[in-house]
């Protein structure tokens, strides 16, 4: 059974399809690809698994070619973005082009940003193959590449035409990548939906064993929340900032440790625990809530402490470059209960230092 969710953004609205064997479903894709020139962007890990399958599905719609990039967050940069532009220009692709992101969050972010920039904007489609990209980065139109001084600092808001989530891709996903995706799944429960958080607590083994029904429910619920938030606040002027729970600390970990050494979801897990500990220090939540958050991350084999090599100074230098900083003030998304969060703009650095040093 295929589930459909709509992201309501007026003229830029688009559907999300969630189910099995969707990469072979030419009927769903046909309206977006007919008489188009198609460039599939993927990586060296995904290409041997799924590239031929998706090429065969799309071959009847128009000219299909591909570009295969290295796999990893450390390659999400301007140099490898240029490889996509070169592939388009060498083939004389015009505004009738459609870019297809076949891969995880790195591929989706880069392909979307390339689509936003190429000839001032061409269509693109998201086909996310990792749990993290299925529940988070493929939905909402955030596209970007990293800079050595900060994560996702060069980018644009640019919405896809459609998101195709084929749950069968998760059967080939390494366990570490699956766990990293669960960090974002858990995040939705903490910041938005207490019932969903409790459901996750009760369904750890079903999810870890890749039970299809459990996966479809978890992915669908995350996409419903993301679609709701994005429909209210496309460009992150308000409520969408709550989706960054754990990310200010997490991005600091990724940048300090070197992109690719910690997976994004791993950094988000540790960052969310730091956010919860900060909230406890400020009297926003009690120890029992912190304990539930830590236990659920731990159940999915995720890190719940920051790297030992990182001290307060190494965190704060990156946190001051965070995109949410306003007027020089670090703004943090902190949980105020299971199922609720808020943005706080005046968190004392002394509190942050105490939390980081004691973590």
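Cβ atoms are placed via backbone N, Cα and C, with glycine included.
Swiss-Prot has this to say about the protein:
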BINDING   71-76, 105-109, 129-130, 142, 151, 169-172  NAD(+) binding site
BINDING   184, 247, 264  Zn(2+) binding site
Checking the binding-site residues 105, 108 for other Cβ atoms within 10 Å of each Cβ, the smallest tally belongs to 105
Using a 10 Å radius around each Cβ and all protein chains in view, which of these binding-site residues has the most neighbours: 71, 184?
184
Taking Cα atoms as reference points, rank the binding-site residues 184, 247, 264 by distance from residue 105 (NAD(+) binding site) and give the first.
264
Nearest recorded site to residue 108 (NAD(+) binding site) by CA-CA distance, among binding-site residues 184, 247, 264:
264
Env. residues of Zn(2+) site, Cβ within 8 Å of mean position of 184, 247, 264 Cβ:
132, 136, 183, 187, 246, 250, 265, 267, 268, 271
Sequence-ordered list of residues in the chain of residue 264 (Zn(2+) binding site) that lie 6 or more positions away and have a Cβ within less than 8 Å of its Cβ, or none, is 73, 105, 132, 180, 250, 254
With residue 247 (Zn(2+) binding site) as the reference Cα, tell me which of the binding-site residues 71, 130, 169, 172 is the closest one.
130
Count of other CB atoms lying within 10 Å of the CB belonging to residue 130 (NAD(+) binding site)
29
Are there residues of the same chain, six or more positions away from residue 172 (NAD(+) binding site), whose CB falls under 8 angstroms from its CB, and which are they?
49
